[in-house]
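As recorded in TrEMBL, the features of this protein are as follows:
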DOMAIN    4-160  domain '6-phosphogluconate dehydrogenase NADP-binding'
DOMAIN    168-285  domain '3-hydroxyisobutyrate dehydrogenase-like NAD-binding'
ACT_SITE  K172  active site
Amino acid sequence: MRLRIGFIGLGTMGEPIANNLRRAGHELAVWNRTPARADHLVSRGAKRAATPRECASGRDAVFTCVSDERALDAVLDGPDGVLAGLREGDVLVDLTTAGVTSARAVAARADARGARFVACPVLGSKTAAEQAQVVLVAGGPGPARERLRPALHAISARLFELDDPAQAALMKLCVNAVGGAMMTAFGEAVALASAGGVEPSRLVEVLQASAFHSPLYLMKGELVQKKDWAPRFRIALAEKDQRLAQEAAAELGAQVPVSEAVRELMAAATEAGRGDQDVAALADLYLEWTRRR
Ligand SMILES: NC(=O)c1ccc[n+]([C@@H]2O[C@H](COP(=O)([O-])OP(=O)(O)OC[C@H]3O[C@@H](n4cnc5c(N)ncnc54)[C@H](OP(=O)(O)O)[C@@H]3O)[C@@H](O)[C@H]2O)c1
């Protein structure tokens, strides 16, 4: 079924995901804070909306995909915001990793307008987004998920569904708590191996033969080899995910000391001016520390 979709936030993940919705035949209106980032989609037939409100008005579904919960509030609120454009029965779906508190609050604000909210955080890389191979965890009311399903299948390899937006948000934070620990442990191991004269490529080879193998080490190991720190997933966003996991843990009474250590390392990287580099650059931060010794 062809849906009329509004899409807000055309960054690393949002742009290719919106493009896949367009390629699947859905009618697309787009808005991005920096208008030039919408040019590619507009040149391929998407309608450029003047405001988030206009982007949300008269659509079957409105997608948001921005940096964090504050950016989400910035596009939702105010006279030109998404919420002002929603009508009774509309569906708002948020792809942002915005955390549990945000999921609950946005669901309540959408509900107050008679609209339905689905928190739908994304698992996967920029490449997965381009190839419509991301994994989605959609949490929200059944009828809203049903309406969205054709669009969600068009952008993903797998779709998990839950009834509660806050649980979908929590699921994403839990997965990224594991991912953050893996990425920092990998950076640490690369620097330790290098300090002893072991090439990172050999480390990846052996790691991949072990029970701890992961596509993450292949992907990021290649970037480490090439010293390619162009952002696929920015360190600043990865740090935000650990912050959100800690906030959720504090509310739920869970202990997350590993996430705390990971966040500290990511904060150190951001402080060293690496916030806009890819998470693969965490390995380079460790290498820099080793070189300075
Ligand atoms: N990159 C990944 O591999 C990955 C994977 C899974 C999940 N995620 C999550 O997906 C979300 C998007 O990530 P991304 O990598 O696409 O981020 P990104 O490339 O940094 O893009 C961020 C987007 O948010 C917009 N934005 C930021 N602050 C804003 C504000 N105050 N008002 C309006 N718009 C604002 C940006 O607009 P401008 O263009 O104007 O800056 C841009 O469109 C994040 O929550 C991230 O954690 C990312």
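Using N, Cα and C of the backbone, Cβ positions are placed for all residues, glycine too.
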> What are the helix, strand and coil residue counts for the domain '3-hydroxyisobutyrate dehydrogenase-like NAD-binding' (168-285) according to DSSP?
Replying inline: 93 helix, 2 strand, 23 coil
>> For a quick check of packing: other C-beta atoms within 10 Å of the C-beta of K172 (active site), how many?
In response: 28
